[in-house]
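Input: a single structure, listed below in structure tokens.
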Amino acid sequence: MGSDAAAVSTVREAARMTWEESKRVWGIGMPIAIAGLSIYAVGSVTTIFVGHLGNLPLAAASIGLSVFATFSLGFFLGMGSALETLCGQAFGAGQVSMLGVYLQRSWIILAVAALLMVPFYVFAEPILLAIGQDPAVAREAARFALYILPGALSFAVNFPTAKFLQSQSKVIVPVWICVGSLCFHVALSYLLVTVLGWGSPGAAVAYNLSLWAIALGQSAYIIGWCKDGWRGWSMAAFNDMWAFVRLSLESAVMICLEIWYLSTITVLTGNLQDAQIAVDSLGVCMNINGWENMIFIGINAAISVRVSNELGAGRPRAAMHAVIVIIAESLLIGLLCMALVLIFRDNFAIIYTTDLELQHAVSKIAGLLGLTMVLNSVQPVVS
């Protein structure tokens, strides 16, 4: 057990503590945020390429990515958060050999969960029709959801590997893997969609291959180069399985509710008049909001690592300092994001579409988007 952080009693001490804690948190959080942004950008790039094919393909991709893929992302990210807690505490307590066992246990649980999620994609069209989605949009969205199913299943591998590495602050190599996969995705999307003219199926192929490149790249790095935490395959991964499942489900509930409400809003807009414009405009705004969310998912992961490590080392005051600093900084980032959205409210939709009616619809709801970004800045950090 290390000695705890000193109490802060003066402005100078507070400033010093803020600077030191910011360096620690952002040293972990910035690479995680970049990796998260790269993964999210794979979906955004797919939306951009499909959006220039027309309003109906854009509506289908918006529902496929904002609803079905985001549903999977929220579920697997939440389930993987249990691994983040256990690995962070084990690493802080010096029990590094347990990290690989926890990782394998998480892989097993999420693999089973992935199989249970397949029917959600297979029966996408009747699900969308049952909740009142426009038939034309529902048909195209269901087809696109099936196209991207392989990529969505990669999250079952991706998030446990990411949490394993984050708990040890091994975040640089995953950043390069994610950024490299994003560059590959842009090039492949251009080839398949623009050059070869494969349309939405081509965009989905690029999406699937890019996400699996990230998942397999991180797994290969762990197995080949993280020998301190990875000691090989172990039957111990099957021990205490139910306790791990319970913790995973508990961790998943809050994150799923945070992420799924956006998906629900996107689906419900399909009941409005002119469903394609309604879904497209909200899909563009949710896509922009998702970029900010990835930053705060990185911050959330960093603060979780910091708090877990400090509590594992018996330093509760240091953990409290980390939380206070990052909440204040997160609020400032949220206000900055809102300001940028309001300044460029008439321009940012051009990235996704050339349709003037859709650009105007996005501009009309940009104020609500900015407010949402402020509210979302602090909530993921304190959850």
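Glycine residues also receive a Cβ, built from the backbone N, Cα and C atoms like all the rest.
Feature list (source: TrEMBL):
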type: TRANSMEM; residues: 25-50; note: transmembrane segment
type: TRANSMEM; residues: 56-77; note: transmembrane segment
type: TRANSMEM; residues: 107-129; note: transmembrane segment
type: TRANSMEM; residues: 141-159; note: transmembrane segment
type: TRANSMEM; residues: 171-193; note: transmembrane segment
type: TRANSMEM; residues: 205-223; note: transmembrane segment
type: TRANSMEM; residues: 243-262; note: transmembrane segment
type: TRANSMEM; residues: 318-344; note: transmembrane segment
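Counting only same-chain residues 6+ beyond the ends of the transmembrane segment (318-344), those with a CB under 8 A from a CB of the stretch are 4-5, 8, 17-18, 21-22, 24-25, 29, 288, 292, 295-296, 299, 302-303, 306-307, 310-311, 366-367, 369-371, 373-378, 381-382. Through the fold, the transmembrane segment (25-50) approaches residues 57-58, 60-62, 65, 69, 158, 162, 166, 169, 171-172, 174-175, 177-179, 181-182, 185-186, 189-190, 193-194, 199-200, 203-204, 206-207, 210-211, 214, 283, 287, 290-291, 293-295, 297-299, 301-303, 305-306, 322, 325-326, 351-352 of its own chain, all at least 6 residues removed from its boundaries and within a Cβ separation under 8 Å. Within its own chain, the transmembrane segment (171-193) is flanked in space by residues 28, 31-32, 34-36, 38-39, 41-42, 45-46, 49-50, 53, 161-162, 165, 199, 202-203, 205-207, 209-211, 213-214, 217-218, 221, 225, which lie at least six positions past its ends and keep a Cβ under 8 Å from the stretch. Counted as Cβ pairs under 8 Å, contacts with the transmembrane segment (56-77) are highest for 141-159 among 107-129, 141-159, 205-223.
Under 8 Å from some Cβ of the transmembrane segment (205-223) lie the Cβ atoms of residues 38-39, 42-43, 46, 103, 147-148, 150-152, 154-155, 157-158, 161-162, 164-165, 173-174, 177-178, 180-182, 184-185, 188-189, 192-193, 198, 229-230, all in the same chain and six or more residues away from its ends.
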